[in-house]
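Trainee: One structure follows; several queries about it will come next.
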Amino acid sequence: MNRRNKNRPSGQRDDQNGGNQPDGNDAGGDEVKLSPAAARAQEIRTGAQRETVEAFVVAFILALLFRAFLAEAFVIPTGSMAPTLMGAHKEIDCDRCGQRFRIGASWEQRGPVTENVVVGGVCPNCRHANSLDLRNEANDATFSGDRILVSKFSYALSDPERWDVIVFKFPGNPKQNYIKRLVGLPEETVTLRHGDVYARPTGSQDADQILRKPDRTLLSMRHLVYDSDHQSPELIQADYPSRFQPWRPGATQPPQDSWQVSRDGDGMTARLDTAPASGTQWLRYYHRWPSQSQWDQADQGLSLASVDPYSSRAITDFYQYNSFAIVEAGAIYNTKPATFRGNGLSRMLGGGYGGGEFRDDFQSGGDLDQFSRYQFGTYQTGTDGMHWVGDLMIQADIETDADAKTATLELVESGVQFRCDIDLSDGTAKLSIVRDGQSFAFDDDVATPSASTSVRAGGRHQIRFSNFDDQLLLWVDGDLVSFDSPTSYAGLSIVPFDQRRPRFDGPGNPLDAAPAAIGVDGAATVHQVRIDRDKYYVATTDSRGGVHDYDLRLVSEVGGAMDMSGWGPQLQARLADPESWENLSIWNARRSAEFVMEKDQFFPMGDNSPESLDARCWAGTKEFGQPRSVDEDAYLYSEAHYVPRDLLVGKALLVFWPHPWNRPIPFTPNFKRMKLIR
C-alpha cells in the first residue's frame with residue numbers, strides 16, 4: 001500500500017484536486033476517517049451536546065403538552081371576580097383608618113391610551129374617599145390583574161363541582177377566555193331572587209331549594225362590612241360615636257351602666273363590669289359612617305359628639321372594587337399614558353402602564369374637589385350598594401371573667417333574630433330562631449341544635465357566627481363547630497319573599513338597623529369585632545343601564561317619588577333612612593330571574609355581581625346578537641345563558657403571581673396574596 005495513503009480511509013482515492021471522494025469499489029477494513037463535518041455530527045450524536053439539545057426539545061414538547069392538557073397560566077383582565085380575583089386595580093391603605101383595600105382600574109384600559117383615570121376610592125371600613133398620589137407614590141400606580149394557574153386535567157377525571165372557579169371559552173367569542181364561579185349545574189333550573197340562588201331539577205315540580213356554600217367557600221367569598229381594629233384618629237378626636245353601642249330593650253340612648261367602649265389607634269375595646277345578677281347586657285352594631293361634611297368638620301377640629309349614637313342605615317351590597325373615583329384623563333395629563341408599555345416581562349412584573357405627562361396644575365394626592373367632574377363607580381353609585389343584604393357574619397374576640405354565665409351572638413334578618421347562646425359553665429352552644437316572640441324550628445323539626453365547645457368562663461376566644469344561605473354556622477378559634485342536628489332552616493316558611501325587607505321598630509327595637517350584637521351575662525371584655533356580609537347575586541337578564549335587581553317600571557307604577565335620571569343615588573339615600581323602610585316601593589319591584597339548564601350545560605356567574613357580564617347577560621349579546629362569521633358553529637352558543645361542556649377549559653387552582661410592589665424595591669413580590677383559589 002502506498003505509504004502516503006496509509007491513513008486514508010479505505011474505499012477513498014485522491015481526486016484531481018487532492019480531496020477525498022467516496023469510492024464504493026473498496027470494501028477494505030482499514031479505520032475510517034470522517035470529514036470534519038461528519039465527525040462533528042457524530043460527536044453531537046454521541047456526546048453531551050446531543051443530550052442537552054434533546055433535553056431542551058423534550059422539555060419544550062412536554063411544556064406544550066402540559067399547557068395543552070394539564071395546566072396553563074392566565075391573567076385576570078377585569079374585576080368581575082373581585083374580591084376573589086383581581087383584575088387591573090389599585091391597592092390603597094386608607095389614609096384615615098389604615099384599612100387596606102383594592103379598587104378597580106379596568107376603566108383605564110379600554111383603548112390604546114388611557115381616556116379615564118382612577119384617582120381615588122372609598123374605604124370599605126370607614127367609607128372615607130381616599131385620593132391617590134399618582135405623581136409621587138409608586139404604589140398608587142395601576143397594577144395588572146392576578147396571574148393564576150388553571151388545571152385543564154381536573155375535569156377529565158371528574159365533573160365540575162358547584163362553586164368551583166372555572167375558566168371557559170366565552171360562548172360569544174370562543175377565542176376569548178372567561179373566568180367565573182360555577183353556580184348552576186346541568187339539568188337543573190336556577191333561580192336568582194333577593195340575592196340568593198335557588199335550584200330544582202329541570203322539568204320537575206319540586207320546590208326550589210336554596211344553594212348553600214361550603215364553609216371554606218363561604219369564608220373566601222364574604223365581604224367586609226366593618227372591622228373595629230381599624231379606627232380613624234380624626235373621628236376619635238372629634239367624639240364621633242362608635243359603631244358599637246351598649247343597648248337594652250326599649251332604650252333610646254345608650255345606657256351608662258352597661259358596656260364602656262373605648263377607642264384608640266390600636267382599635268376598639270368594650271368592657272362590661274357588671275354583677276352577674278344584672279342579666280345579659282348587649283353591645284349592638286349600628287351601620288353608619290360620617291358624611292363628607294362631617295369628615296371636613298373633624299379635619300377642622302370640630303366636635304361630632306352631637307351625632308345620634310343609635311343612627312344607622314341598611315347594610316348593602318357595597319363592593320370596594322367598584323368604589324373607584326374616575327376623571328377624564330385630560331384633567332390630569334397633558335399627554336395621555338399608554339395602557340400597555342414595555343415587554344411581556346415588565347408587564348407581568350409591574351403592569352406596564354404609564355408614560356403620561358402630568359399637567360402642572362394637577363394636585364397629585366389632593367382633594368377630589370379639584371376636579372370639576374368626577375364620579376364614583378360606573379353609574380355614580382360607587383359609595384354604597386344598591387341592594388339590602390340580610391345575610392351577615394359577626395366575629396368577636398371575647399374574654400370573659402370567671403363569674404360570667406353566658407355569652408350570646410345575635411344576627412337579625414328581616415326582623416328575625418338568630419342567636420347562638422353559649423353556656424360558659426360547660427361550653428354548650430345552642431341555636432335559636434325567633435320572630436316577634438315566636439320560635440321557629442330548624443330542618444328536621446329541631447328546635448334548638450346544640451354542640452359542645454371549648455368556650456368557658458375566664459377564657460378568651462375568637463367566636464364567629466354566620467347566617468348565610470338560610471343556615472347558621474359557628475366557629476370557635478378558627479374551627480367549625482359540629483352540631484348534633486341540622487343548623488339549616490326553611491327561610492321562606494319564616495319570612496315569605498314578599499315580606500323580606502329590613503325592619504325597624506324604633507330605637508328601642510332597632511332590628512335590622514342594628515343587626516349584629518354581642519350579649520354577656522357577667523363581666524367581660526370585647527377586644528375586636530368584625531362584621532361581614534354574604535354575596536348578593538343580582539337577578540337580571542339585561543345589562544343595559546346597569547346590573548341591578550329592580551324593575552324600574554314597577555318602581556314608577558308603585559308610586560315611588562324617585563327621579564329616574566338619578567334614581568340610583570336617591571335609592572341609596574332611602575336605604576340610609578330606617579324610618580322610610582316600611583313604605584319604600586322598591587321592595588315590590590325586586591325581580592327574580594330563572595335559567596333552565598339541560599344536559600351538559602353549566603351556569604357561571606362572577607363574584608362581583610353588579611359588574612359581571614356572565615351567563616345572566618353576556619356582554620349585551622342577548623340583546624344585540626353577535627356578528628356572524630363564515631363558520632356559524634363559532635357562534636352557536638353566543639346568545640345562550642349557559643356554557644356547554646365543550647367550552648370548559650379547566651379549574652382555577654391558585655394565584656401564583658399577584659401584582660408586585662413598586663417600593664421600597666421595585667418588583668417586590670406580593671407574597672401575602674399568593675393563595676389557593678376557593
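Each Cβ is built from the backbone N, Cα and C atoms, and glycine gets one as well.
No curator has checked TrEMBL annotations; they are predicted automatically.
Since this is a predicted model, take the numbers as computed values, not measurements.
Pasting the relevant annotations from TrEMBL:
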REGION    1-32  region 'Disordered'
TRANSMEM  55-76  transmembrane segment
ACT_SITE  SER80  active site
DOMAIN    141-199  domain 'Peptidase S26'
ACT_SITE  LYS180  active site
Trainee: List the Cα distance (Å, whole number) between SER80 (active site) and LYS180 (active site).
Mentor: 8
Trainee: Helix, strand, coil: count each for the residues of the domain 'Peptidase S26' (141-199), based on DSSP.
Mentor: 4 helix, 35 strand, 20 coil
Trainee: Taking 10 A as the limit, how many CB atoms besides its own sit near the CB of SER80 (active site)?
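Mentor: A count of 25.
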